[in-house]
Amino acid sequence: MLEVRGLRAGYGGTEVLRGIDLAVGAGEIVAVLGANGVGKTTLNKVLSGLVPAAAGEIRFEDRPIARASAAAIVEAGLIHVPEGRKIFPNLSVRENLVLGSYRRGRARRGANLERVFALFPRLKERARQAAGTLSGGEQQMLAIGRGLMAEPRLLILDEPSLGLSPLLVEEMFALVKDLNREGLPIMLVEQNVVQSLDLASRAYILENGTVALSGAASALAADPALRRAYLGL
Amino acid sequence: MYAPQILIEAALNGLMTGAVYALIALGLTLVYGVLHIINFAHGALLTCAMFAVWGASAWLRLDPYAAMLAVVPLMFGAGYALQRCVIGPASGGSDNNILLVTLGLSIVLENGLLAIFRSDTRTLDSDAALQVVEVGPLLLSTPRLIGFATALAVTGLLWLLLERTDTGRAIRAVAREKLGARLVGIDVDHVYAVTFGLGCACLAVAACLLMPTFYVNPRSGAAFVLVAFTIVVLGGMGSIAGALVGGLVVGVVESFSGLFLGDSLGQIGIFLIFILVLLVRPTGLFGVRG
């Protein structure tokens, strides 16, 4: 589905990604984990065409996308729900969702809107409200809903649990599981190591711009080095 | 004190002029609201549009209102190209640079016009300016009435475009959340250029409405843009409704201060209001606190 080989990227003279290799297969949940500042968000930005790749290869459904524009990548169905939601605060909830299908999925916009409203009844109640007035959890739902409106072939979720209460975090991870059960492959980029490893089939641990560890999520969860570094055990 | 008929006529005349002011302010406020730049080339672009209307009339014998069909797409295209090929690339993403680029652009445009047309003042040679319609006891100038109706209609159309179409939603989305916009596949550079083009299209409509009763020389746009800046501040930076209401208010104020203080002091009222608004409500009538 998604294959990344030897990916390098950065800002100005600072290299953030120093050769990343990873892959997401059809139907998988793959977790990309790591502390703040290891390059997770940069990786997402390169994958979605917001930051150019300096070197390396990105293939999505066997097509090279490392040099593609953000719009072309959305068009191909690689949808990125960003860290910090980045919803349109001045637009209504409904308009935010409608714009989710600006580039892709326009033909079935009405049906998809009903689907998102069925998934998040709270958004339906607030359809006419300005998105900026929603609570943090609702904004996260809106960001995911907006992503779903584009009929993703692969969904990248960047820190969906950030800033949510523990109860909402549970809900968010349950939702990711549900979406995946319907066949949607998901790349989950998280700092929340325990719950992400619980959910994912495979995981990559980033450190300092490279993949430090990778493998089956269950094996990583048992890895003594990882347990020491991230779980404090 | 004047007779009520004169006062009513003054108010109506003010409203009619104000609607065209509103149109000019609309272009300015739209560009500010979305691109977050103050477009110093707005006045020079208005002058260009007015020369285009004059040229269409003098060389092609086109009626100024019919010329709208040609000048509006022309100015939209020119605005799109300017933003895409000049202002965007030259600014390198910094707002301070954009300010300078638009200022430079206005100097280039003005002097270009000066080189081609000299500093002569030109008017349309038609008698449309003198036509009036009788409404009960009132005499209203036909071109101003047409200007009023057209300006309101264009404002309405622009509002519909922004509220009801994907392009309009994309414009409003880009105004506040560029990164999010790119992640839903919106081409931000394209939206910027479309917005700038729409701003120029507003100027084109205004030019067609102004030319039957006004003159053009290479500096005539500047006077209107000074008023338009006042309107934008009065109505609230970036607000469409604010530009319309602000334009109408400013038109009426100008008309009344002209009536009571004499024509040459007509604009003094506008700037008094401007200062009052800055003191009492700096965000403008429809502005939101940033």
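Just so it is clear, glycine is given a Cβ too, placed from its N, Cα and C backbone atoms.
Quick look at what TrEMBL lists:
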TRANSMEM  B:12-33  transmembrane segment
TRANSMEM  B:40-59  transmembrane segment
TRANSMEM  B:65-86  transmembrane segment
TRANSMEM  B:98-117  transmembrane segment
TRANSMEM  B:145-162  transmembrane segment
TRANSMEM  B:191-216  transmembrane segment
TRANSMEM  B:222-253  transmembrane segment
TRANSMEM  B:260-280  transmembrane segment
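Here the transmembrane segment (B:145-162) lies next to the transmembrane segment (B:12-33) in space: the count of CB pairs under 8 Å, restricted to residues six or more apart, reaches at least 3. Looking at B:12-33, B:40-59, B:191-216, B:260-280, the range that has the most CB pairs within less than 8 A of the transmembrane segment (B:98-117) turns out to be B:40-59. Only pairs six or more apart in sequence are counted, and the transmembrane segment (B:40-59) with the transmembrane segment (B:222-253) gives three or more Cβ pairs under 8 Å, enough to call it a contact.
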